[in-house]
Ligand SMILES: Cc1c2[nH]c(c1CCC(=O)O)Cc1[nH]c(c(CCC(=O)O)c1C)Cc1[nH]c(c(CCC(=O)O)c1C)Cc1[nH]c(c(C)c1CCC(=O)O)C2
């Protein structure tokens, strides 16, 4: 086996998360592996279903490496999905072509009886194996990110049974039976901490908690179902893995970003597309490193609009600890060469900052 000579703490990505201001900020892109890449589509066809791909370490390693080969990101993100957690708890999960994930919905507390954590780590063993293999397969200067969905966002999918416009079922459960809903959240806090902890033991050097639906809740419920469970999750991780950075990404948190930053204990904050970079620079970055937040559709559009938007974000945020990223995942219609142009711009920063 290859001997790794570079300590995590020397990698640009980890240095930024540890609070260092770097002339050339590190970068990676949410959903950097995926259907916009022809080589992903080829590997995906070889795997069969999307879940088969997530649970085939050799193929999952391959698709994790694909964007790195093209663009040389400073971090690799484990290839998997946030919904492997409900799957490992025994909830039936399918990815329906063109429709996204579908789960057998749990609409109230009586449905919790269908879940069990008895086989949890056995079912997730292939994911841990992927992380182990990646920790030696990625380039020496690249950091490895593990991830999970937040308890709230995973609960959204578990209760709705898939994506949703209104999130009416999960809200009705949470508002109408807070005690019953708390039992689901508690289960997710505990199992997600175990899941992320196993990823760290397998070689993940930082973890990101995706809270894609943080933005749908009123403030009091945001505190109860987003901030408090994330705080407990971070506390469990810090106790088991002191010093391993945790990035929180509470998409759509808006005016609640500040409170999330102050109360959850996350090491760094993922900014969604709508957060003004100059506001983040003055209000958030003095407290903790930030990551973001180019609109993914700017990358699909490309050209000067993309370059100017990226340069504006770099100008606003590279004066403090910063990881360049998108404000949400790469979209399927993105031309791969636009990602190449974006990567070139970030990697040559600040030399191109005049242009
Ligand atoms: C909400 C959420 C999910 N999954 C994820 C989130 C949080 C981020 C976000 O808000 O987008 C996170 C995720 N999903 C995937 C990754 C892999 C790593 C990476 O970022 O490159 C990560 C980090 C692969 C994936 N996850 C999925 C794909 C596409 C599946 C395919 O190949 O058919 C990929 C590459 C499927 C998925 N998985 C999920 C949905 C809603 C979908 C369907 C939408 C879609 O198809 O794009 C749940």
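Easy rule for this one: first residue shown is 1, then count along the chain.
Positions of Cβ are set from backbone N, Cα and C atoms, glycine also.
TrEMBL lists 31, 32, 33, 34, 35, 81, 157, 212 as substrate-binding residues, and of the candidates 121, 328 the one it assigns to that same site is 328. When the recorded positions 31, 81, 157 are checked against ligand 1, 31, 81 have a Cβ within less than 6 Å of one of its atoms. Taking the binding-site residues 31, 35, 328 in turn and counting surrounding C-beta atoms within 10 angstroms, the largest count is reached at 328.
Under the DSSP three-state reduction, residue 31 (substrate binding site) is assigned to coil, being neither helix nor strand. Taking Cβ-Cβ distances under 8 Å and a sequence separation of 6 or more, the neighbours of residue 157 (substrate binding site) in its chain are 82, 83, 86, 101, 103, 149, 163.
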